[in-house]
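Visitor: Sharing the record's features from TrEMBL:
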- 8-13, Asp33, Arg38, 86-90, 127-128, Glu161, 272-275, Arg342: NAD(+) binding site (BINDING)
- Cys272: active site, nucleophile (ACT_SITE)
- 328-452: domain 'UDP-glucose/GDP-mannose dehydrogenase C-terminal' (DOMAIN)
Amino acid sequence: MVKICCIGAGYVGGPTMAVIALKCPSIEVAVVDISISRITAWNSDQLPIYEPGLEEVVKQCRGRNLFFSTSVEKHISEADIIFVSVNTPTKTQGLGAGKAADLTYWESAARMIADVSKSNKIVVEKSTVPVKTAEAIEKILSHNSKGISYQILSNPEFLAEGTAIQDLLNPDRVLIGGRETPDGQKAIKALKDVYAHWVPEDRIIATNLWSAELSKLAANAFLAQRISSVNAMSALCEATGADVSEVSHAIGKDSRIGPKFLNASVGFGGSCFQKDILNLIYICECNGLPEVANYWKQVIKVNDYQKNRFVNRVVSSMFNTVSGKKIAILGFAFKKDTGDTRETPAIDVCKGLLGDKASLSIYDPQVTGDQIQREISMNKFDWDHPVHLQPMSPTSVKQVNVVWDPYEATRDAHGICILTEWDEFKTLDYQRIFNNMQKPAFVFDGRNIVNIEKLREIGFIVYSIGKPLDPWLKDMPAIA
């Protein structure tokens, strides 16, 4: 019986291993983590992450051929294939601070594999890692090999949160990078055989190690670039009276461009886009390619510009001050159908409004008050360290109140900022909300999901990203 062990029970490790267990009943899959609370959650009825369809898959396999355990060493030494899916945060100090990936957790995983292994292993990179990480891992393992042979593969994940289970069940492609040696090719085949249980042969792509590592960074950079491109256009649309939705629709009809990732918004978020582009920039700089690095820097600059522009629009619309005013924040997760708040644009928008002394009332159907307080008070990049290494109980921000009902969030508010495109926000009773708000009542739609005409009929002053401006906003000072 083939045994698989995955180090790291997070957003990637948990769902990926659950689906492998579901599709390969003959393979025993163990997910290990040093965090007792996280493993306890995976073994309970309240899984540590929310992802549509995940619970069903876990419940079907757990205890049969899927195990969640803190016995890290035991499972590593028994496994044939080890997936490493640990945090790779951006460094905050030292060489490459603010851009380079911090491989501390990766290296300690590699050293543990070397310490406890008694048989040959295939070690698979699952975390997003900088190009040439495999080489570093190989060196650690081979210098501590005690006669054991290790093959390193890169098998990047291309999951989108909110659809991760579907993405795993029916992937566009599975990428496996390995050495071009006979042993390397054998290792690729072993991993290919696992995925071949449910993925058609032509969707499993084998490449060399570096191509696989770089493809992951490149894919995220291209996706983020599309978002920044349409967001840059949204600013121009507001300035000229064009409608960004119409422009997106028109260009999306071009089959070479296609319609996906062309929704203007308050900005992109999530655990990968910014981190991976920073990483790409660092690799370009290290390889003496400053022009290439500067090209990708612009993608992040436009994203930051979009968030600032949104905050400035809110403040300038309300007589240039939000001091002491209640503002309702609808949605905090970085996108709908996930409880994930990592790098969500809501953090910078909330911090910007708090900087102007606003009082915030926040509602998100999937995010707890603790998590919101933690995100708003944490330093940049802290989120990407294991929970037990994050600042303990961050000081809660007094001007932030988290509520469990959108009508409570908006009561007596001067304005509403919609920062996540949850479906339920489209069908709220906006007449009821309007009646209970201070006047003039503002809606700032950071996701372009509300019916602008309808809201204006009710009496709201509406700002929607990239849409022709409300007459009220036209008289306001230009946005810096």
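Positions of Cβ are set from backbone N, Cα and C atoms, glycine also.
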Visitor: Roughly where does the domain 'UDP-glucose/GDP-mannose dehydrogenase C-terminal' (328-452) sit in mean pLDDT, to the nearest integer?
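Guide: In the predicted model, the domain 'UDP-glucose/GDP-mannose dehydrogenase C-terminal' (328-452) has a mean pLDDT of 90.
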Visitor: For the domain 'UDP-glucose/GDP-mannose dehydrogenase C-terminal' (328-452), give the DSSP counts of helix residues, strand residues and coil residues.
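Guide: Tallying H, G and I as helix, E and B as strand, the rest coil: 42 helix, 19 strand, 64 coil.
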Visitor: Near Asp33 (NAD(+) binding site), how many other Cβ atoms are within 10 Å of its Cβ?
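Guide: Taking every protein chain into account, the count is 24.
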Visitor: Just to verify a number: CA distance, Asn87 (NAD(+) binding site) to Cys272 (active site, nucleophile), in angstrom, no decimals.
Guide: 11
Visitor: Run through the Cβ atoms and count how many others sit within 10 Å of the one on Gly8 (NAD(+) binding site).
Guide: 26
Visitor: List the Cα distance (Å, whole number) between Gly8 (NAD(+) binding site) and Cys272 (active site, nucleophile).
Guide: 17
Visitor: Give the distance between the Cα atoms of Cys272 (active site, nucleophile) and Thr90 (NAD(+) binding site), rounded to the nearest whole Å.
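Guide: The Cα atom of Cys272 (active site, nucleophile) is 11 Å away from the Cα atom of Thr90 (NAD(+) binding site).
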